[in-house]
Amino acid sequence: MLKLFSAFRKDKIWDFDGGIHPPEMKTQSNGTPLRQVPLAPRFVIPLKQHIGAEGELCVSVGDRVLRGQALTRGRGRMLPVHAPTSGTVIAIAPHSTAHPSALAELSVIIDADGEDRWIEREGWSDYRAHSREALIERIHQYGVAGLGGAGFPTGVKLQGGGDKITTLIINAAECEPYITADDRLMQDCAAQIVEGIRILAHILQPREVLIGIEDNKPQAISMLRAVLADAHDISLRVIPTKYPSGGAKQLTQILTGKQVPHGGRSSDIGVLMQNVGTAYAVKRAVVDGEPITERVVTLTGEAVSRPGNVWARLGTPVRHLLNDAGFCPSADQMVIMGGPLMGFTLPWLDVPVVKITNCLLAPSVTEMGAPQEEKSCIRCSACADACPADLLPQQLYWFSKGQQHDKATAHHIADCIECGACAWVCPSNIPLVQYFRQEKAEINAIRLEEKRAAEAKARFEARQARLEREKAARLARHKSAAVQPAAKDQDAIAAALARVKEKQAQATQPVVIQAGSLPDNSAVIEAREARKAQARAKQAAHPVADSAISGGAPRKAAVEAAIARAKARKQEQQAGSEPAEPVDPRKAAVEAAIARAKARKQEQQAGSEPAEPVDPRKAAVEAAIARAKARKQEQQAGSEPAEPADPRKAAVAAAIARVQAKKAAQQQVVNED
């Protein structure tokens with residue numbers, strides 16, 4: 001009995017609140033096997049096909065590439081993208097991508113050469129011989145991302161799980177109407193999917209591995225059971241069909257009975273989830289050595305004549321796939337990427353297929369029905385009953401319309417999975433999911449701006465702190481420089497002063513050069529002394545002539561010369577206090593000539609007259625008296641106010657002096673004759 005209850009608990013499944021049962025519409029496309037689509041002539045590969053930043057380009061325009069060649073480098077959460085076929089890179093430019101607003105993303109545009117040549121592939125058939133880190137790195141570098149719709153990098157997800165994961169869940173529910181990509185993949189490639197699941201289990205080492213699949217896929221269930229017949233490490237759980245049981249939080253609750261907390265992740269409760277398409281891509285990356293260059297896409301809707309599931313190369317234009325399926329557009333044709341509840345309408349058909357593209361729905365006008373007018377909310381609470389996340393959609397609707405971001409956040413709008421169940425049941429035809437998407441985008445923009453402001457504030461505060469530190473260090477340096485020198489500094493200063501005094505004392509002492517030292521000037525000194533002795537002897541031999549020469553006339557001339565020098569000095573002082581007078585060189589020359597003539601005349605007179613005895617003491621006294629008078633006149637000239645000089649008067653005086661000099665010279669010539 002105990003074993004029976006244990007077995008019952010082992011296969012037990014739970015339920016979640018809310019949910020709806022829309023028409024499935026899956027039989028249009030799940031009855032035909034997977035098929036290949038002819039290569040498009042041109043491929044557009046967006047660099048960003050996942051959650052996170054785009055990778056770094058490693059190709060340029062004009063490069064030839066092979067299928068599987070990396071177009072970008074993957075570092076951190078930057079997932080690389082690879083060439084879907086061989087060809088030539090003709091452009092690297094923005095191009096519209098798979099987005100509700102058809103936003104432009106930087107893309108690599110390749111012209112296919114039709115050869116479809118692969119790069120050299122190196123598979124790891126014995127993946128167990130490699131470490132966990134090596135497997136995760138290979139999965140990341142081969143561009144594997146979540147193919148269920150989220151597009152989160154698989155390698156990053158496996159790395160973040162670490163040792164906390166106790167349950168690995170493989171999501172095979174595929175609950176949205178029309179989509180059968182996973183269903184057909186499980187029917188055609190069940191063995192490869194199970195091998196990929198085992199690689200994931202080898203990396204994570206969980207206690208249990210669960211596959212959750214809805215009961216509306218009988219062929220896929222039978223194929224998986226056949227592959228898992230001898231396997232005891234993987235459990236297949238068939239769950240009731242209910243939308244949105246394929247949501248990550250909803251499927252976790254169905255299979256484990258655990259609820260992911262608000263704002264948390266499934267890894268917080270020891271659960272990690274991967275899609276069956278992701279498991280297949282992991283097998284091809286690790287075992288076959290093939291990067292992800294294609295995926296299964298459902299082509300369905302009444303506007304296509306050949307619905308089914310195809311292997312679509314990444315970067316293939318949507319128009320090319322629909323034309324291969326027999327697309328017959330109407331006047332106002334609508335094409336939806338994704339399902340009717342969570343998908344979005346494409347503005348044009350040149351958008352490329354990316355890693356998260358799982359379905360292209362081309363419905364007819366009668367299939368989708370006429371658009372209905374949006375009406376006011378009647379507070380019926382039907383949306384709250386259908387919400388699988390236990391939210392209050394009608395309150396979130398009012399908060400979103402009123403721009404009440406704080407209240408919307410407090411009511412856990414971030415937990416909305418945008419499944420569209422509330423909009424499906426709304427009797428007023430309110431597009432609630434559109435309001436919620438817009439509100440979440442605005443909240444994210446506000447948070448991003450707040451983050452930038454906080455970072456800018458932190459940078460400013462760090463700069464201010466750095467400036468304060470530099471200022472304090474500067475003041476400390478100035479303060480230390482102003483401190484009195486220490487005792488050892490005083491000793492150094494005293495020694496320097498002593499050296500200076502010693503040098504000064506040496507400079508004042510007479511320099512005595514010993515004979516024989518360098519330079520030796522003794523011979524020159526002796527010659528000079530000999531000349532002086534000869535001059536004295538000669539002077540002693542002619543005392544009469546010397547006394548005659550040094551008679552009264554020369555003494556008188558010396559006195560006059562002293563007086564002239566005093567006058568000249570006085571005039572210089574007056575010139576220093578008065579404005580400078582123009583100097584006449586001719587006048588100075590005339591005056592000098594007159595003085596020489598007078599001196600010559602006096603000498604002649606002295607030669608004709610008998611020489612009077614000269615008293616040297618008397619001559620010295622007279623010269624001293626003359627110098628004293630000259631000095632007194634200089635002092636008086638310095639104390640008296642300077643008279644203004646008249647240049648015309650000076651010129652007249654100079655002319656008179658020249659005339660007198662000529663007359664004196666003529667008179668001297670007459671006297672000599």
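Cβ coordinates come from backbone N, Cα and C, glycine included.
The following features are taken from Swiss-Prot:
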type: BINDING; residues: C377, C380, C383, C426; note: [4Fe-4S] cluster 1 binding site
type: BINDING; residues: C387, C416, C419, C422; note: [4Fe-4S] cluster 2 binding site
type: DOMAIN; residues: 368-397; note: domain '4Fe-4S ferredoxin-type 1'
type: DOMAIN; residues: 407-436; note: domain '4Fe-4S ferredoxin-type 2'
type: REGION; residues: 534-553; note: region 'Disordered'
type: REGION; residues: 563-653; note: region 'Disordered'
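Cα-Cα distance from C377 ([4Fe-4S] cluster 1 binding site) to C422 ([4Fe-4S] cluster 2 binding site): 12 Å (rounded to the nearest whole number). For C419 ([4Fe-4S] cluster 2 binding site), the Cβ neighbour count at a 10 Å cut-off comes to 26, with all displayed protein chains included. Listed binding-site residues: C377, C383, C416, C422. The one with the lowest count of other Cβ atoms within 10 Å of its Cβ is C377. Rounded to the nearest whole angstrom, the C-alpha distance between C383 ([4Fe-4S] cluster 1 binding site) and C419 ([4Fe-4S] cluster 2 binding site) is 12. Put plainly, the binding-site residues C380, C426 were compared by Cβ crowding within 10 Å, and the winner is C426.
For C426 ([4Fe-4S] cluster 1 binding site), the nearest neighbour among the listed binding-site residues (C387, C416, C419), judged by C-alpha distance, is C387.
Apart from C387, C416, C419, C422, the [4Fe-4S] cluster 2 site neighbourhood in this chain, defined by C-beta within 8 angstroms of the site C-beta centre, holds G18, C383, A386, P388, A389, L391, P393, I417, E418, G420, A421, L432, V433, F436.
Over all protein chains present, the Cβ of C387 ([4Fe-4S] cluster 2 binding site) has 24 other Cβ atoms lying within 10 Å.
If you look at the domain '4Fe-4S ferredoxin-type 2' (407-436), the same-chain residues 6 or more away from its ends with a CB under 8 A from one of its CBs are 18-20, 22, 243-244, 247, 249, 262-263, 341-342, 372-378, 380, 382-389, 391-393, 395-397, 399-401, 443. Taking the mean position of the Cβ atoms of C377, C380, C383, C426 as the [4Fe-4S] cluster 1 site, the remaining residues of that chain whose Cβ falls within 8 Å of it are I378, R379, S381, A382, P393, Q394, Y397, C422, V425, P427, S428, I430, L432. The distance from the Cα of C387 ([4Fe-4S] cluster 2 binding site) to the Cα of C380 ([4Fe-4S] cluster 1 binding site) comes to 13 Å. Across the domain '4Fe-4S ferredoxin-type 2' (407-436), the DSSP tally of helix, strand and coil residues reads 17 helix, 0 strand, 13 coil. When averaged over the domain '4Fe-4S ferredoxin-type 1' (368-397), pLDDT in the model lands at 91. Geometry remark: C419 ([4Fe-4S] cluster 2 binding site) versus C380 ([4Fe-4S] cluster 1 binding site), CA distance 19 Å. On a Cα basis, C380 ([4Fe-4S] cluster 1 binding site) lies 20 Å away from C416 ([4Fe-4S] cluster 2 binding site). Under DSSP, the residues of the domain '4Fe-4S ferredoxin-type 1' (368-397) split into helix, strand and coil as follows: 11 helix, 0 strand, 19 coil.
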